[in-house]
Amino acid sequence: MKSPQSSPKSKTTLLENEKEEVQEPPMFSTTKIKCKKLAFIPLVFLIYFQISGGPYNTESTVGSGGPFFAILGFLLFPIIWCIPEALVTAELATAFPGNGGFVIWTHQAFGPFWGFLIGFWKFLSAVINLSSYPVLCIDYIDPMLPTLSHLPHYFLISLSTLLLSVLNFIGLPTVGYAAIFLGILSYLPFVVISLFAIPKIDPSKWVFSGQNRKKKIGHFLEGVKNPPKTLPKAFLSAGLLTFLTSLIPLLAATGAMSLDLDDWVDGYYTVVAEKIVGKRFKKWVRAGAFLSSIGVYQSQLSSCSHQLLGMAELGLLPRLFGARSKWFDTPWVGIFISAVISNLVSYMKFRHVTSLVNVLFSLSMLVEFSAFLWLRVKIPDLQRPFRVPVTRLRGLIAMLFIPFGILVYVTCVGTKVVYLVIAVLTVFGIIWYHCMKIFQA
């Protein structure tokens, strides 16, 4: 049997059945877009900001269980989650390159309805999460610019969202090179902290487990150079970069600081900087956190806009959602819609935002991992430029067993309000999908 392959005219094709016949989806653009390609290093930093953006807001991991379990978590998490996810994403992204990403993969595995639904869930998860970063930017920089406190809070959020969105209109390569600049600058404070902490480090503090606490408490694949070779290396490089940039400051800070775990909450690295380096350096950590938030926002906004572009190309959204700028060839409608929704969501309480993002993301990842497994069964002979080096299905299930367990757990610990909101949004999405089918008929 001949392996199904992508159409020469388009970035992706959708298999409507298991026969050799390959059909283009409705409204799929076959126009070849000329755009500047994203090089390897900018791609690594974009993925880095998609994953974390640095060690900011990881301090609560120490406060929750002590340095020992925090360090153990950073050592084990890449093995049980990051590596399996990177391998799955690399295989699927190189087998089905295109802006639709996981939408295309799921569409191929389970059909257009599930392709739309995972796209809908992931877009909501990403754009809701996006809303927190303009708020964080303001929180980080407000103490350094007291004049901002006199302006209305929601006006500042809207202004911050607008300013942070401008860069995405210029183009993906620009965002990628900006990510390099932001990544390096935002991490420099932790290089200084780690160096100053070396003489003060007591390794025995790393094994403290916290028993004595006082209290109980590929979306933009179109713009990537040579995806089959670049993507697997970029995913693994970004994962390693995230691992090292988070673990090194954690080892330095916990080894050099006192271990009153009630103090270890998000934002505590500013106190660490003040005590280890000096009072003035506290501002540099705040500035670094501000730059990191900008980087995460830029990367995730680019992902959201290219996802809408991909879904429009697949006929799952109206053509308008895939409109491109005449000057920069960027998906300006997708950028605009993502920025507006994130701005509206920023009015929600942060606790509700976090819970919604976690459950939506977990639901979509459960579908994505299932699509990966089913595609190995449904299309075993599909040309996969990068292939996870596990041939048997039971081996792949074993590889994803712990990630599946984590996702199921996160999905099950949501509140009633979160489940209600997700149910309402999902019903709206299903109605939208069927309306699209009616109008396309």
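Note that Cβ sites are derived from N, Cα and C of the backbone, with glycine treated the same way.
Bear in mind that TrEMBL entries carry predicted annotations, made automatically and left uncurated.
Residues or ranges marked as compositional bias 'Low complexity' in TrEMBL: 1-11.
Summarising the annotation, TrEMBL assigns region 'Disordered' to 1-20.
Marked as transmembrane segment by TrEMBL: 38-56 (among others).
Annotation comment: TrEMBL describes 68-88 (among others) as transmembrane segment.
Summarising the annotation, TrEMBL assigns transmembrane segment to 109-131 (among others). When Cβ-Cβ distances below 8 Å are used as the criterion, the transmembrane segment (109-131) is approached by residues 14, 25, 100, 102-103, 297, 300-301, 303-304, 307-308, 310-311, 314, 316, 338, 341-346, 348, 353, 356-357, 360-361, 363-364, 367-368, 370-372, 374-375, 378, 425-426, 429-430, 432-433 of the same chain, each at least six residues removed from its ends.
Here TrEMBL flags 151-170 (among others) as transmembrane segment.
The transmembrane segment annotation in TrEMBL covers 177-198 (among others).
Non-local neighbours of the transmembrane segment (234-253) in the same chain are 40, 43-45, 47-48, 50-52, 54-55, 58, 61-62, 67, 70-71, 74-75, 78, 82-83, 86, 89-90, 187, 190, 193-194, 197-198, 201, 206, 269, 272, 276; each lies 6+ residues outside the stretch with a CB under 8 Å from one of its CB atoms. The feature transmembrane segment is assigned by TrEMBL to 234-253 (among others).
Under the heading transmembrane segment, TrEMBL lists 332-350 (among others).
Beyond its flanks by at least six residues, the transmembrane segment (356-375) meets 85, 88, 91-92, 95, 102, 105-106, 108-110, 114, 117-118, 121-122, 124-125, 128-129, 382, 393, 396-397, 400, 403-404, 407-408, 410-411, 414, 418-419, 421-422 of its own chain at Cβ-Cβ distances under 8 Å. TrEMBL lists 356-375 (among others) with the feature transmembrane segment.
Per TrEMBL, the feature transmembrane segment maps to 395-411 (among others).
Annotated transmembrane segment per TrEMBL: 417-435 (among others), in sequence order.
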Stretch with greatest number of CB pairs under 8 Å, the transmembrane segment (151-170) reference, 38-56, 332-350, 395-411, 417-435 candidates: 332-350
Non-local residues, at least 6 beyond the ends, that sit with Cβ under 8 Å of the transmembrane segment (417-435): 113, 116-117, 120-121, 124, 316, 352, 355-356, 359-360, 363
